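One structure below.
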Amino acid sequence: MLLSASVLNLIFNNVFAIVKFNYLISTNLYFRTPCPPPQADFRIEINTLFTCSCEPTCKSLKTCCADYSEFCVEISPYSGSIMGGTEFVILNATFNNTSNLVCRFHGNAVTEGYVDGDRRGHCVSPLLYRTGLVSVEISSDNGTTFSRTGTWLSVHTGKLDSKFKAAMVNSTQWQYYGTPNVGGTLNMTWNPSLVRADKVNIELWGYRETGEPYETDWRAEWKYLYTLAKDHPNTGSFSFVPKPGQNGSSSWELGSVRVNCKSKGVFSSSHVQAVWTEDHALAWQLEEKFRQTSSAWALDKCLAWDKLEERIPSFIRELIDCPCTLAQARADTGRFHTDYGCDIEKGSVCTYHPGAVHCVRAIQASPLYGAGQQCCYDSNGTQVLTGDSIGGSTPDRAHDWGSPPYDIPPHVPGQSHWVYDVLSFYYCCLWSDNCQYYFKHRPSSDCRQYKTPSTAVVFGDPHFVTFDGVSYSFNGRGEYNLVTSESKQLSVQGRTEPVSGTINATKLTAVAMKESYFDIVEVRLASDQNSLEVLRDGKSLSFSEQSWIDLNGVSVFSPSPTNVTAMFRSGAGVEVRLREGIMTTTVLLPESFKSTTLGLLGRMNGDPADDLTLNNGQVVQNQSNPEEVFSFGAITQLSSLFTYDTKYLLDTYASGPKHHVGFIPVFSIPENPNDPLANETSKICSGEGSQFCRYDILVGRSPSMGNASRASFQSHISLMKALAPVAACGYVAAPANGEKLGVSYVQGAKLTFSCNDGYTLQGSQDRVCQENGQWSGEMAQCVGPSIVLILIITMAVLYCKRQSRYDNVTLS
C-alpha cells in the first residue's frame, strides 16, 4: 500500500491535533514528516512510515531519518533585517560544487546563492515586507525543486542591533536637511565586514504605498531610486553633499540608504549582500521648493494629510486605552511592551516625545484597521497627553511593529507607520508649526476605560497565589492545568518534578501554553539547571541573536537566559523567571477572561471562596488544610501540550499518569529547633509569605530555594501594587484666555485655573479628581470685559424700556 504526500500530511495533522507526536514515540509510532522535496508527489512505502522521524525531538531520541540533516537544515546567522542583505551559511548540509543554489523565503521571495570551497551553501536574505519567522526553502537545481527547508527570522529595523545597521551620523541633520540653517555635508558609517567586498555601491531606495487606502488596490513598494556612489572603497564611511533628487525621485519622502557589494552590474537588485541605514524622512533629497520655503511646503503637505484623514475611516475607537501610570504600563506585560524609541532602561532618548522618559506600545494591532496605541509617561510616572505637550502619547493608524497579514498596507512593519503617522508629524510639527492639525487626528487616549489585568503566580516548591488572592501549596508530581479558558481557547500547563530523589517535595520544571490553533510555546528548565529553554511546537528557539521573536499567534521576548515572556493575541501574558534554579511563572489575564478560567490558579471572578473547587463541584472548605488542598490539586484532565524528547520524559510523563498518585509529599513544615537549618531559616524568612520560604528550606532542604521563594513572592506583591486600579477623571483643557496648572488626571490630582489679565474666572478655580472618577467643582471659564460690558448695557436698556412702559401706563 502506498500513501501520497497529501494523504500522509492529513494523517499527520489529525494525529498531531489529538496527541503530540512525541507521545506516539513511546508506542513505537514513528511518523516520518515530509522532509524530502515538498513539491514532489513522492510516495513512501507503508512499512517505512514508522521507522524514523524528522520531528525536532528525533535528535535527542536518536530516531531521526537518515536524510534529516540534509533536508531539515539550520542556518547561521538565523536572523537579519527585514530590509534583507544578510548572508547566511546552510549548516549540516553539503552541496556539489556545480549546484545552482537558490533560496525561497515565505514561498515567493527568491535569492541566488553559491557553494563555497568546502561545499557549504550560502544565501542572502531578501527585502521582505514582514517580520517574524518565515520559511526558507533551498534548491540546488536553480529553483526546479526545493528539497531542503528551514526558517529565517526577519527583524524590524528598529529592533535590530545598531551594529548591524549603517549609521547616519547626526540623523537630525539628515531629516531636517533643507530647513532653515540645516545643510552641509552628510556622513554615514558602517561595519565593513558586513559587506564582503573591496568596493561597494551606495544607493538610495524609496518606500511608498499606492492605491486607495483600505481598498483592494492598496500596495506597498520599495524601489531603487538612484546610486549615490559606485565602486566606493569599503572603508566603512561615506560623505556627500546632497542634491534634490532627479527624474521624479524627489517626490519620494521616505526611504533608506543601502551599502552593498556590486552584483553583476545590476545596481537595483534587492537580493545582494548589504547593510542599510534606518528608514527615515528624505528631507535631504526633496525638491528645491522644500529648500526654498520648507515651512510652507510642509504646511501644504500637512493640509493634504488633514484632508486624507477626514476622508478615510477613523480607527481611534477600536484602540485599547493607555494605562494610567508608568508603573501599570511596565507591569501589564501581556498587552504593552517598551517602545524601543523611548526606553527608560536605555537613557530615554524620546526624539518624538520630548518631556517623556518612557513609552510603551500596545503589543497587538487593532482588529479591523491594524492600528497601534502608544502611551508615554514623564519622570513622575504621569501619562503625557497631546492636549498638554507636543511629546504626548499618540495613537497610530498603522502599528509600528506591523500585524498579520503584514505584506499589505497598513500592516507592513515600520514603513506603514512612517507613511501615515510619522511623516505627517514631520509635515505638521517638525518642519512647520502646525501641530493642531496632527493632534486633531492623533489625540492621546486617556485611561478612563483602562482596566488592569488580574495576575496569579506559581513559584518555589511549588506555591500558588490565585487570581483572587488565595495562597496555598501543592506538591503533586505530574502535569497539571495551571489555567484553562474554554471560551478564550487558552491553556497554560505546568509540569512538576521532585526536588531530589530523597525529598518528598516538587518544583516546577516546565510550562507549556497555547491559544486557539496557534503555536505551542514551552518554557522549561535547561539541562544546565541555570537557564531556560524555549520551544516552539517541540523545536528549540534560539535567542542568541534577537530577544524578540514573533510566532504564529504569539510573540516571545527573552532578554536574558533566565527571563521569558509570552504574549498572546487575547492580551494574556505568561512570564517565566528563573531564580536559584527555581522557576517562577506569572500569568496576567485581561478583564475579558473574567469568570472563564479553571485550573490550579483558580477562577478569576473576584471571589476567592470558589478558587479551590474539586472535580465534583465541591469547594475545599478548609484552605489551610494541606491534605484537602492536595486533593484539589490532584485533579488533572490534561490534553498535553508538552514535548517528550527524552526517555525519562516519555516513561515518566508521556506514557505514565498525569498525576503520580504514589508520590505523597510532606504536607506540613517540620518544627524542630535542633534542625541545623533552623537559624538560617529564621534569618531568611520573615514577613508576609514567610511560610513558603520556611517550607522550601526546612522541607526542600535548600536555603537558596527558600530565598528564591521569598524574592518571588515579594515580586508578586510588587506587581500587584503596580497593577492596582487607579480612578481617572479624564483630560480637562485650559479655559480659553486662561491657563491651567497641573497635567495629571487620576485620583487625587488637582488642577488650578487662572485667567489672563482683563478676564474674570467663572466656575471653580480648583478641581480635584475624585474616587468616583468625577472632577469636583464646575467647569472653569474666563469671561472677557467686553462680554461683561455688553451684559451690563443690555440689562440697563431692558430696565429703561421696562420703566418707560411702566411710566406710560401710570400716566394714562
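Indices start at 1 and increase along the chain as displayed.
A Cβ is built for glycine as well, from the same backbone N, Cα and C atoms used for every other residue.
Disulfide pairing as given by TrEMBL: among Cys755, Cys769, Cys800, Cys782 connects to Cys755. Less than 8 angstroms from the CB of Cys755 (disulfide bond) sit Pro735, Asn737, Gly738, Glu739, Leu761, Cys782, each of them six or more residues away in the same chain. Broken down by DSSP into helix, strand and coil, the domain 'Sushi' (727-784) contains 0 helix, 23 strand, 35 coil. Mean pLDDT across the domain 'SMB' (31-76) comes to 58 in this model.
Counting every protein chain shown, the number of other Cβ atoms lying within 10 Å of the Cβ of Cys782 (disulfide bond) is 20.
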